[in-house]
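Feature list (source: Swiss-Prot):
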BINDING   45, 194  substrate binding site
BINDING   121, 167  ATP binding site
């Protein structure tokens, strides 16, 4: 897997304009939709249990995000996820805040038990709690802690039979056999709500067009990180508001050439 190979997936997303069905949280809906549009994908936010199965069946990818968790939303996620599985639509799961409360942790473990996942994406604490490994968490954004991130990612990939993506200062992608570390991004991303949630949906757009889910995830993370770096270079001194606007611009303007030039990945 080389940078040229990875960068081509960016062009493929823009050429294909994949439909990404998001059942996401109320905090990030607008930002997620705008980010996907900027990238070149087609977002749809359909939540009603009466329509999610049908919508998921025609999507390029389905993204399930439990940031603002409600019982009716969980029901919709299960209906959509099972429909996606029946129709060979890849499902991505973002277990936001797994470990923060008993209910949230229960749901985070129930969804992978019921739905076949292409990708699970979270911080180290969230992924550890999904697979019942000890890792402290405070609130839905906690990611720091004591533990081996690569080991947790590999364990999650093996136990859940999926590609595990753990994001943080460095990002890890693994299917249990192939493991890649991505070292792009910028710390100002943590000052904008929803950047992690948008990232999962961006990975969804890449997974919709690239069936090697490890390659798709690595391409998405590299693209996202480079876009953040380019946006930060123009706006970081102004603050997070200016960065957010420029980040959307860079999601639209970052090219495959930029990925080849600035991408930083390591196969381990």
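Heads up, the Cβ atoms here are built off N, Cα and C, so glycines get one too.
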Alpha-carbon distance [residue 45 (substrate binding site); residue 167 (ATP binding site)] in Å: 24
Cβ atoms near residue 121 (ATP binding site) (within 10 Å, other residues, all chains): 31
DSSP-derived structure type at residue 121 (ATP binding site), helix or strand or else coil: strand
Long-range Cβ environment of residue 45 (substrate binding site), under 8 Å and at least 6 residues apart: 22, 23, 24, 29, 32, 33
For residue 194 (substrate binding site), the number of other Cβ atoms found within 10 Å of its own Cβ: 20
Cα separation, residue 121 (ATP binding site) to residue 194 (substrate binding site) (Å, whole number): 14
